[in-house]
Every structure is written in C-alpha cells, then in structure tokens.
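Heads up, the thing below is written out as structure tokens.
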Amino acid sequence: MKSRPLHIAMYPWLAMGHQTAFLHLCNKLAIRGHKISFITPPKAQAKLEPFNLHPNSITFVTINVPHVEGLPPDAQTTADVTYPLQPQIMTAMDLTKDDIETLLTGLKPDLVFYDFTHWMPALAKRLGIKAVHYCTASSVMVGYTLTPSRFHQGTDLMESDLMEPPEGYPDSSIKLQTHEARTFAAKRKDTFGSNVLFYDRQFIALNEADLLAYRTCREIEGPYMDYIGKQFNKPVVATGPVILDPPTLDLEEKFSTWLGGFEPGSVVYCCFGSECTLRPNQFLELVLGLELTGMPFLAAVKAPLGFETVESAMPEGFQERVKGRGFVYGGWVQQQLILAHPSVGCFITHCGSGSLSEALVNKCQLVLLPNVGDQILNARMMGTNLEVGVEVEKGDEDGMYTKESVCKAVSIVMDCENETSKRVRANHARIRELLLNKDLESSYVDSFCMRLQEIVEGI
C-alpha cells in the first residue's frame with residue numbers, strides 16, 4: 001500500500017494535560033509529512049504555541065467556547081475553573097458540536113482524533129471521516145473501569161466489586177483501596193456535562209471509535225491493550241512513548257535562578273497538574289511534609305479550595321521557616337524544563353499520564369500521590385507493577401495522607417542506600433533507557449502512521 005500524507009483534525013478535552021499530549025503526537029506525525037488541524041480555544045493556543053515544532057504542518061484552528069451558567073467569564077479550559085466546575089466545561093465543549101461540524105465540513109480531514117466528546121464518532125461517520133479515540137489515560141485504567149465486562153455491571157456496582165479487577169484483567173496485583181473504590185462507584189452515577197453520565201460518555205467514545213490509540217508502548221502496557229482489544233472487539237494500537245521534544249523557550253529566569261542555587265539532584269519538585277485543587281487539609285499536610293524532609297523544594301500547586309492564593313493558605317510561620325529552601329508557586333509552570341533541571345532529584349506527582357511520561361524520561365525519582373480517577377490506577381502500575389516509584393501511604397477509609405507519610409516516601413526515594421530506593425532507581429533507569437531509544441519510538445510512530453493509512457483506506 002502506497003502511503004500518502006494524511007490530513008488529521010484534533011479536538012482533545014479542554015484540559016492542558018490532554019491538549020499538550022495531543023500536540024506532542026502532532027509533532028511526531030508532522031515529521032512524517034502529515035498535515036494537522038488542531039482545534040483549540042484561544043487561551044489554550046497561547047500556551048501550546050511554544051510546543052508546536054512544525055508550524056508549517058500543524059495549524060491551530062480557533063474554537064470559541066460558549067459560556068455556561070456557573071462558569072466564570074471567559075472560562076475556556078479546566079485550568080480556568082476549580083475541579084467541581086469541570087462538568088460545566090464539558091457542557092460548554094458539547095455546545096461546540098455544531099461549530100465542530102462546520103469546521104470539519106470545511107477542513108475535510110481524513111481522520112479526527114478525540115477523547116471526551118462522545119458525539120464525535122457519529123458526527124465523523126456522517127461526514128465520511130474516520131474517528132480515532134486517542135486516550136491520554138493509561139490502558140491500565142480503561143481496562144479496569146471501562147471495558148464492557150465492567151461497564152455492563154451497571155451503576156449499582158458495589159465498592160467491594162471495584163476493589164478487585166474485572167474478570168480476565170491481566171494483573172491481579174492492581175487493586176483499589178476502600179476509599180478509592182467508594183469514589184469510583186459514586187462516579188458511575190455522576191453526570192459529566194450535558195446530563196450525560198461520566199461512564200456513558202467514556203464508554204460511547206471508546207465503543208464507537210474506528211481505532212483506539214494509546215500513548216504508550218507494548219513493552220509496558222501490552223497485556224492491558226490486548227485485554228481492551230478483546231473486550232471492545234476493535235483494533236488497539238500504541239503510538240509509542242511519544243517522547244517530548246524540548247520546548248523552544250528557556251525555563252523562566254525566576255525558576256532557573258532559584259533551582260541553580262542548589263546541589264545536583266537535591267531539590268524535591270511537586271506538581272499536581274492544571275486540574276487538581278486540593279482540600280485545605282491536603283494542602284497543609286503536603287507543604288508541612290515538604291518542610292519535614294529538610295530538603296529544598298519547589299511546589300507548583302493551585303490554591304486549595306476556599307482560598308484565593310497559595311500564600312493565604314500557608315500554615316502560620318511556614319514561609320519564614322522554609323525561607324531560602326522552599327518555593328510554593330500557584331501558577332502554571334514549564335514542567336518539562338523543570339524536570340530536566342540538574343538540581344531536581346525527586347518529583348512528587350499526581351500520576352497524570354502526561355506528567356508520568358515526562359518524568360520517566362528524566363532522572364528524578366518518583367513519589368506517587370494520586371488524587372482522582374486514572375491517576376490512582378497509574379500509581380498502582382508505577383508503584384506495584386513496574387516498581388519505578390514509591391506511593392505515599394493513605395488511610396484506607398478516608399484516603400488522607402499525613403505530613404509524615406509525605407516525608408517518608410520522599411526520604412525513601414532520595415536515600416540511595418535504601419533497598420527500596422535501589423530497586424526503584426534501577427527499574428526507573430531501565431524504563432528510561434527503553435523510552436529514550438529513538439529507534440523504538442520511531443518504529444512505533446511509523447507503525448501507527450501505517451495503521452492510520454489502513455483505516456482511511458478501509459483495509
């Protein structure tokens with residue numbers, strides 16, 4: 001089959017972790033001669049532009065996000081709202097459906113990549129466009145929670161059922177704690193935008209796709225992908241690790257100067273992504289745990305619920321006690337550049353798939369502190385299956401961590417003489433070497449492009 005350049009439209013969920021993940025794949029596809037139309041709102045475009053390494057092949061197409069009652073003015077992505085308001089962002093995204101149809105009719109792409117817009121496959125089919133579900137979450141999570149064997153158990157699934165993986169799941173060691181299973185069970189009854197149940201939205205998006213794609217490699221997630229393929233009776237492909245090319249900008253001076261004042265590998269960096277807003281007690285235990293380590297730390301976290309700024313949420317006397325070695329910042333940061341900084345030796349991560357992919361190719365050690373959803377199962381895979389990080393201990397019933405448990409996990413990974421640390425470091429080094437193998441990545445992207453050609457040609 002003779003290959004030809006494809007025209008691919010992209011419309012990811014309006015969260016920066018999803019947006020950047022899609023764009024990083026675009027960069028890999030553009031190198032191979034494919035044309036990309038990346039549909040995104042203006043605020044997201046401004047943040048994404050430095051990461052567009054092929055502007056002649058990747059074009060941003062502006063979509064205006066309509067206002068929905070309850071959202072702040074000009075809210076365009078989840079970064080503009082607190083976690084409880086994310087369903088309204090989803091509703092706003094659903095309201096762009098007619099505009100998306102108009103855009104796709106004019107653009108005439110061969111394929112459209114999507115994730116949360118469950119209406120996209122039907123729309124694409126009507127326009128003669130192939131629909132690719134590109135999942136930024138791990139196949140570990142999808143296999144555990146969203147496959148037909150689990151989905152058809154319905155909304156009355158018990159917590160005890162969810163504490164164990166579904167029948168046929170490839171890894172019996174990956175399980176949920178009581179508080180996590182309770183949250184997952186409740187989530188099955190939650191709507192997420194436009195009065196659509198969250199799990200209905202995700203299941204339809206997966207079940208009606210022409211192709212299911214995951215940002216991973218089979219060496220890490222192969223058994224989970226095979227399980228999903230059998231469950232949905234659909235082709236499931238890996239795009240490869242999609243290693244991030246360095247952004248075209250330098251690290252902001254305030255961060256590079258601050259980090260430059262410490263020894264190599266000595267700084268603890270903590271970031272929970274653009275979507276996570278901690279409860280006040282979680283925020284307090286986190287920052288007090290960082291203080292307790294006695295190590296220099298940079299924490300990029302949003303102000304907790306009920307607070308306007310991170311400064312106003314600090315415990316009394318905290319800033320004075322950590323002056324010179326502690327930096328708590330409430331805004332968006334250039335995480336990829338921070339993780340690559342030689343002073344950073346540890347990364348406390350919420351285990352979002354994007355953050356993990358950035359972390360695994362760097363040398364910093366991983367402390368796993370998941371918050372919601374797929375992050376929890378990502379943490380189990382990283383901590384229990386791959387053993388490349390140490391998860392912060394939480395109460396089984398309440399899911400609460402303490403300053404001591406935060407400090408303990410950091411202290412373990414930062415102590416190169418600790419037996420757990422030695423094992424984690426060795427496993428991380430092995431995975432890092434695998435992911436940084438350019439031949440591996442290139443072969444995956446080439447194979448993925450060939451699969452896209454076959455889907456378009458109907459093979």
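Each Cβ is built from the backbone N, Cα and C atoms, and glycine gets one as well.
Here is what Swiss-Prot records for this protein:
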- His18, Gly373: anthocyanidin binding site (BINDING)
- His18: active site, proton acceptor (ACT_SITE)
- Asp115: active site, charge relay (ACT_SITE)
- Thr136, Val333, Gln335, His350, Ser355, Glu358, Asp374, Gln375: UDP-alpha-D-glucose binding site (BINDING)
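Look at the Cβ of each of the binding-site residues Thr136, Gln335, Ser355, Gln375 and count the other Cβ atoms within 10 Å; the largest number goes with Gln375. Its Cβ placed at the centre, Glu358 (UDP-alpha-D-glucose binding site) has 22 other Cβ atoms within 10 Å. Take Thr136, Val333, Gln335, His350, Ser355, Glu358, Asp374, Gln375, the residues named in the record as contacts for UDP-alpha-D-glucose: the widest Cα to Cα gap among them comes to 22 Å.
A gap of 11 Å separates the Cα atoms of Gly373 (anthocyanidin binding site) and His350 (UDP-alpha-D-glucose binding site). Across the structure, Asp115 (active site, charge relay) and Asp374 (UDP-alpha-D-glucose binding site) place their CA atoms 14 angstrom apart. In the three-state DSSP classification, Thr136 (UDP-alpha-D-glucose binding site) falls within coil. By a simple count of nearby Cβ atoms, those within 10 Å, the most crowded of the recorded positions Asp115, Asp374 is Asp115. It is 13 Å from the Cα atom of His18 (anthocyanidin binding site) to that of Glu358 (UDP-alpha-D-glucose binding site). In sequence order, Glu252, Phe255, Cys271, Ala300 make up the list of same-chain residues 6 or more apart from Val333 (UDP-alpha-D-glucose binding site) whose Cβ falls under 8 Å from its Cβ. Long-range Cβ contacts of His350 (UDP-alpha-D-glucose binding site) within its own chain (separation 6+, distance under 8 Å): Cys271, Phe272, Gly273, Cys276, Leu369, Pro370, Asn371, Gln375.
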